[in-house]
Structure formats: structure tokens, C-alpha cells
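So that you can see what the record holds, here are the features copied from Swiss-Prot:
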{"type": "SIGNAL", "residues": "1-19", "note": "signal peptide"}
{"type": "DISULFID", "residues": "Cys88-Cys193", "note": "disulfide bond"}
{"type": "CARBOHYD", "residues": "Asn143", "note": "N-linked glycosylation site"}
{"type": "CARBOHYD", "residues": "Asn172", "note": "N-linked glycosylation site"}
Amino acid sequence: MGPWWALWLILTLPQILESQISAMSQGFPQMTSFQSDQFQGEWFVLGLADNTFRREHRALLNFFTTLFELKEKSQFQVTNSMTRGKHCNTWSYTLIPATKPGQFTRDNRGSGPGADRENIQVIETDYITFALVLSLRQTSSQNITRVSLLGRNWRLSHKTIDKFICLTRTQNLTKDNFLFPDLSDWLPDPQVC
């Protein structure tokens, strides 16, 4: 690959991934503003679906907490904590705001050259109860789509869970792609989707 081709790829890939998020969140209104100061704080990850997950992965992961700390330049330092047996695993990363409200790019500077690019979009939130988050990551071998359902407490309304299911459907995710909660018998309200 010549230098001009590499330059073209570097300059156009962010726009391509950004347009994928817009197209892939169809059926949900585009955010016109995003209040970072209201979004910051502790959230519980109560729903997680991913096109690379399978039913057999459910035993490996469970509900976890995530803390969004607002830093300078409207960046978020994100710290996740999950218990596995008697251990608590934590991992962190930085989200850099993109051009659209509620859209971010995951900072991979410490990951070395050729690190995967990940675009993250808050699709919908009321800031006090729930948030629906869509993540798209391009690796060298596949596109990874992840949908997360965040809650400020451990209980969510049926309508919110229905919205989560509807968003996963727009991403062509099936019930087999759900890590949690187990929604194999859940039938969402057809008026929500």
C-alpha cells in the first residue's frame, strides 16, 4: 500500500465508521444535544449484546458497573468493574468526543500501532434512569457490534428493556448474542419497535 493510499484510508475511515453508526441506529431519533455533565457518574451495565457473543459465553460475564468521569475537553475516563468469583476485575479507557452529540471514539493510543478503532454512540438516554449505547469496532478480520443497556439503579422498566431489544434487532443481533439479561422468553411490545 502506497503512502497516498494509506493517507486516504486514515482520512476517510473515521467518516465511514461515523456514517455506519448513523445508519445502524435507524428507528431511534438522532440526538440533537448531549449533556456530558448529566451523563457522568456511575452506571450499571444491565444489558449486553454483541455479534461475537454466543450462549456459551454467558457463564463468563455478568452485570458490572461502569463509571464515567468527565475530564478536560469533554473527554470521559471510563472505568469498569466486574466481579468474577472472589476477584474484582477492572479496566479503563478514555472516550474522546466526536462531531455528533453523544458520539465518541475510544482512545487506543496505549494499545500500540494498528489498534482497532472503536466508535461509541449514546443512542438514547434520560440521564437519570437509563442509557442505550451502540459500539462499532473494526478489526482486521471482522466488524464487532455491541449494544449496552445502562441503568442508574438495578431496576428498569419493561419499556426500557423493550427499547434495548429493539436496538439489538436494528443491529441484526439475535437472542443468542445476548450475554445478559437472559431474554430468551421476552416478547417486546410491538408498539415500541
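Easy rule for this one: first residue shown is 1, then count along the chain.
Yeah, the Cβs are placed from backbone N, Cα and C, and that goes for glycine too.
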For the disulfide-bonded residues listed here, Cys88, Cys193, which shows the highest count of neighbouring CB atoms within 10 A?
Cys193
Residues near Asn172 (N-linked glycosylation site) in space but at least six apart in sequence (CB under 8 A):
Asn51, Thr145
If you run the three-state DSSP split on Asn143 (N-linked glycosylation site), which class comes out?
strand
Given Cys88 (disulfide bond) and Asn143 (N-linked glycosylation site), what distance in Å do their CA atoms have, once rounded to a whole number?
29
Using the alpha carbons only, what distance in Å do you get between Cys193 (disulfide bond) and Asn143 (N-linked glycosylation site) once rounded?
24
What are the sequence-distant neighbours of Asn143 (N-linked glycosylation site), meaning same chain, six or more residues apart, C-beta distance under 8 angstroms?
Asn51, Leu136, Arg137
